[in-house]
Amino acid sequence: MAATTANPEMTSDVPPLGPAIASGNPGPGIQGGGAIVQRAIKRRPGLDFDDDGEGNSKFLRCDDDQMSNDKERFARSDDEQSSADKERLARENHSEIERRRRNKMTAYITELSDMVPTCSALARKPDKLTILRMAVSHMKSLRGTGNTSTDGTYKPSFLTDQELKHLILEAADGFLFIVSCETGRVVYVSDSVTPVLNQPQSEWFGSTLYDQVHPDDVDKLREQLSTSENALTGRILDLKTGTVKKEGQQSSMRMCMGSRRSFICRMRCGNSSVDSVSMNRLSFVRNRCRNGLGSAKDGEPHFVVVHCTGYIKAWPPAGVSLPDDDPEAGQGSKFCLVAIGRLQVTSSPNCTDMSNVCQPTEFISRHNIEGIFTFVDHRCVATVGYQPQELLGKNIVEFCHPEDQQLLRDSFQQVVKLKGQVLSVMFRFRSKNREWLWVRTSSFTFQNPYSDEIEYIICTNTNVKNSSQEPRPSLSNTIQRPQLGPTANLSLEMGSGQLAPRQQQQQTELDVVPGRDGLTSCNHSQVSVQPVTTTGPEHSKPLEKSESLFAQDRDPRFSEIYSNISTDQSKGISSSTVPATQQLFSQGNTFPPTPRPAENFRNSGLAPPVTIVQPSTSAGQMLAQISRHSNPTQGAAPAWTPSTRPGFSAQQVVTEATAKTRSSQFGVGSFQTPSSFSPMSLPGASTASPGAAAYPSLTNRGSNFAPETGQTAGQFQTRTAEGVGVWPQWQGQQSHHRSSSNEQHVQQPSAQQPGQPEVFQEMLSMLGDQSNSYNNEEFPDLTMFPSFSE
């Protein structure tokens, strides 16, 4: 204050700095010198010598404020730097964490891709979403809930658990069993183990699966039941990378719960009785064929090969508690194998006694309307021995027995008329080894649905049994036919008017049969004897044809026939008793006694006529076809040997004009009886003369059948036979035969049409006397014909 008073200029010129600085509002006078003041503050020249406490205190107070601001500024910059470092470090840590997370997820996805079979099978690695989707599908397939509800309790509403189980086991043809993986104890086995392994359920309950398998398969079974890591895991080759690594992941996957098990082992087969009704046919066949490992020795168990397929499951299942007395209850959650066992039939040989179980061997064939094979099943090799190409293009009649050919033809014609209906016929089929097999053929036609035309005939041919085992003899064995070579059997389809000369010769040889009873049907003009020609010039033509056909130089057998002809056969008849325009033949040899018993023939030749009831259609047609063998074309003379030449006591001579007016079945100058002759007259005609034995029985029919016009000149003349052998029962009838020899015999017209062949008299004779009742014991060789009893 003293200084201020002493220096007034300074006091007025220089305002005090303290209030100005303190107030912060400088006056107008010092506005222009703000910079100076600032420089003065920087230099602080006047402050050094100012000892005033107030002023000094003011200057010191200003310096402290500036230093504190610098400290704050420096502290703030340090904080900002530290926060930036923290943020940078935080960002780096987050990136590292994300990178690690992505790496882990990639590793897990890769591992999942290796575990899912559908992913590992792809050529290129799929994306993550595809891997996850395939993994879900694979898990659903393992659980078996792909098309069911999420709780896994779905089952068909119309089936109970037992019905569903039986259907599954029947379809699989095996048995279901559940085995504990730790101990091998059998938890459950189905009742179908009995037909498969021949063992009851009681033998499996309470035992272990190790007791049921072969001792050599125990280690394999223990490996399949194991759910832990195997210490001796091998090494596997990764085909993708080409590297060899340990079996780690695959082993873990194989041992995880729900993994599949499929193995083959040998199981013990029991000896309990098998009820064939309670199981299907396939199980019964397998039961008979289960000796695939060879026959077991006495006292040793018998084993069969069983294929087991199943899954490893948790036992007990979730939500199921075992009873306290169960030995598995105190061991916690365990695993079990649920599998189905089936017999491995491929290791079993073919059964040799399958004929008692299986159906007869059969094959399917297709034919056209004519019966020619157009398709043959491959099973024909096992049935008849032929390859399919050996049958294609050939007619089925060619492989049929000659006696059954017409029956087969009729069946084919009938099945065409039935149009879709099944027709069955049984005949003898010639196999490749030349044996006759009884074959039953069920045939039906296939029609085009648009044109309604028959496309083809489908036949199911079943081999019944071999005909060699049949006790039924053929006709060739009963009539003692001589062996004439393989060409003796002719086709039954050809008629008598269609035979070629060579076939006529074979036909004539076929008719050389001893012991024929129905000689009234024989063509007497065709007997190869020395001809006696009368004044009729026209009658020498058929004789010349006969001599040229059966000349001695044509066949060596004819020379023997001609040499054995007795001289009395050429003996002529005086023209006083016979018209001049007729040719005569005579023969004196007797017919040898037939091997048939005499009591089978009755004195029925003179009985009242009986109308024949024609047999059934098939039998009648067969007889009609066989009868064609006995009626060759006119002019062909059969060769009769002395031992087989029949004896006739009368000669029937018919004029040429009369023969021309007759129907085709009445040969020129022949003793041919129509097909409507009663078989009752046949036994008598076998030994007595035809004019004396058979024709008297026809005189009573004169009212019904008038003689044909033009036959007045052709009356039947009779002459006593020389050396004729007569059956004893007919000796008493000779007088009546001779008394009726001069009667005019009227030929009975045939009941059939002219184009229809006459019945083979041998067959009619075997039918026997209709006035008596015959049974099959008297005719054991004719099982194909029904017994005729009236």
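Note: Cβ is positioned from N, Cα and C throughout, glycine not excepted.
Feature annotations, reproduced from Swiss-Prot:
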type: COMPBIAS; residues: 1-10; note: compositional bias 'Polar residues'
type: COMPBIAS; residues: 60-96; note: compositional bias 'Basic and acidic residues'
type: COMPBIAS; residues: 465-490; note: compositional bias 'Polar residues'
type: COMPBIAS; residues: 520-537; note: compositional bias 'Polar residues'
type: COMPBIAS; residues: 661-679; note: compositional bias 'Polar residues'
type: COMPBIAS; residues: 741-755; note: compositional bias 'Polar residues'
type: DOMAIN; residues: 89-142; note: domain 'bHLH'
type: DOMAIN; residues: 161-235; note: domain 'PAS 1'
type: DOMAIN; residues: 349-419; note: domain 'PAS 2'
type: DOMAIN; residues: 424-467; note: domain 'PAC'
type: REGION; residues: 112-168; note: region 'Required for heterodimer formation with HIF1A'
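Beyond its flanks by at least six residues, the domain 'PAC' (424-467) meets 359-369, 371, 374, 380, 383-386, 390, 396, 399-401, 403-404, 407-408, 411-412, 415-416, 418 of its own chain at Cβ-Cβ distances under 8 Å. Taking DSSP states H, G and I as helix and E and B as strand, the domain 'bHLH' (89-142) has 46 helix, 0 strand, 8 coil. Per-class residue totals from DSSP over the domain 'PAS 2' (349-419), listed helix then strand then coil: 32 helix, 13 strand, 26 coil. In terms of DSSP secondary structure, the domain 'PAC' (424-467) contains 1 helix, 32 strand, 11 coil.
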